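Novice: Handing you a structure now.
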Amino acid sequence: MAKLLIMSIVSFCFIFLLLLFFRYILKRYFNYMLNYKVWYLTLLAGLIPFIPIKFSLFKFNNVNNQAPTVESKSHDLNHNINTTKPIQEFATDIHKFNWDSIDNISTVIWIVLVIILSFKFLKALLYLKYLKKQSLYLNENEKNKIDTILFNHQYKKNIVIRKAETIQSPITFWYGKYIILIPSSYFKSVIDKRLKYIILHEYAHAKNRDTLHLIIFNIFSIIMSYNPLVHIVKRKIIHDNEVEADRFVLNNINKNEFKTYAESIMDSVLNVPFFNKNILSHSFNGKKSLLKRRLINIKEANLKKQSKLILIFICIFTFLLMVIQSQFLMGQSITDYNYKKPLHNDYQILDKSKIFGSNSGSFVMYSMKKDKYYIYNEKESRKRYSPNSTYKIYLAMFGLDRHIINDENSRMSWNHKHYPFDAWNKEQDLNTAMQNSVNWYFERISDQIPKNYTATQLKQLNYGNKNLGSYKSYWMEDSLKISNLEQVIVFKNMMEQNNHFSKKAKNQLSSSLLIKKNEKYELYGKTGTGIVNGKYNNGWFVGYVITNHDKYYFATHLSDGKPSGKNAELISEKILKEMGVLNGQ
């Protein structure tokens, strides 16, 4: 949550500063006043990080929902060797900045702010209801004055003008209709010319729907109360409303009255105590802080009709920039966290919830013979996670391709640094390093591979989000992410279709991945476990099975429950047995 709030503030700030720049340029060099509605773009920018990017579910051909059993014949694999490597857990705890506590604190603060501001909003709304209820209808003489002032304007039915005894300054608000309230004393004590200015000014607020937009913006400011800039923008909207209402008055009076109108504003602001403390209405006297700007705008007023093309261009340009920068801030959010491409093969839905039990995750298997996928929890299988130690499959292949290691010599000497597992504290070759998931072995390979080479290979393989980050242990709960479905697709394509890597390198890699071998099948695979700040949060088992009649690529991922590589391997074997892939156990 904290990350989303930060991204929202940054996104909001970027568009806010951009609009300020546009306003400055247009005002200084073109005497053009941007409409206050452009500030809605800042709200949209602030909300984008919270909008879940959802695409329609991909439809596959010939989808079958029946639970399958894969046919298995008892032909001999022509192997007389029985091999079983024990399941072991070799995972280290990764210490990262703990966002959980920050998330909890920021969420609590946000909720408190929302409650406080919601109460303030409700209180303001109830006060408007009170003002409406205690307002009085105008008498005939007062109606005639209003009709004379607004003679050249279409008096809309949704605009109501009334008087009130309890207010000191004219105000305009929306409560089902646009209501303009004039202090009762004004019809007696204020000269007709000054009353005309006041009525025109308040009528402009109602005509432009300023008060309705003020309510809408206040609602958004409650939702985005975590962002201090939203309150600055709200003040700017109120200021823009007043300036726009002043322009409306100037357009409806003679030029020789401009000075008198300015004096009326000064007299009202300086001599009448500031009345309007309601956040949902506009008051004629306004705040003293706005007086200088209003007077300058009256003096420099450009009363020519302003082109809407400039406004449209700025809105479109800003919107495009907003989309681009939001994707940058979200770290390629569309591609980082979900695999979106449709499968062009048949696939079959599985129900393996009983085997998964309390574990949350997914299972994907591909049959080479049938050219068909078998998927449990398709939605989850498209979510991307850190590959952790399953990425060592690719580091090994890259190391073989770059001749950092080879089939004749894949040994690396131990640097005598003490590691958490005894199996790591010795000389390693590819087989032992893969079996014991020795971090230092594969980190040493990675350190000798240029970043541009890795980036090229990941692009060719279409490996997950291809994000190498700082290029330091990027596969261990860091920038690189891949989905369970992609694990199967990428691994299968690399071993079966990729011509860049030699057959010799593929055979050596396979040898290091061998787990079980008997007369019925050969099981190859690699586990992966993600532990962050002592918490297990990611478990993988990726591999393939060779039987007498077929070859199957598979991957199991666990995201909750008991998410470890060891548990993922146990679940995988149960599913493969149930489906008949590991027949004859």
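From the backbone N, Cα and C atoms, a Cβ is placed for every residue, glycine too.
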Novice: Which residue among Lys54, Lys133, Lys392 does Swiss-Prot mark as N6-carboxylysine?
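Specialist: My reading of Swiss-Prot gives Lys392.
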Novice: Can Leu4 and Asp103 be said to be on one side of the membrane, going by the domain names in Swiss-Prot?
Specialist: yes
Novice: Cβ under 8 Å to the transmembrane segment (105-122), counting only same-chain residues 6 or more beyond its ends: which ones?
Specialist: 1-2, 5, 218-219, 221-223, 225-226, 279-280
Novice: Need one number: mean pLDDT over the region 'Beta-lactam antibiotic sensor domain' (331-585).
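Specialist: Looking only at the region 'Beta-lactam antibiotic sensor domain' (331-585), pLDDT averages out to 93.
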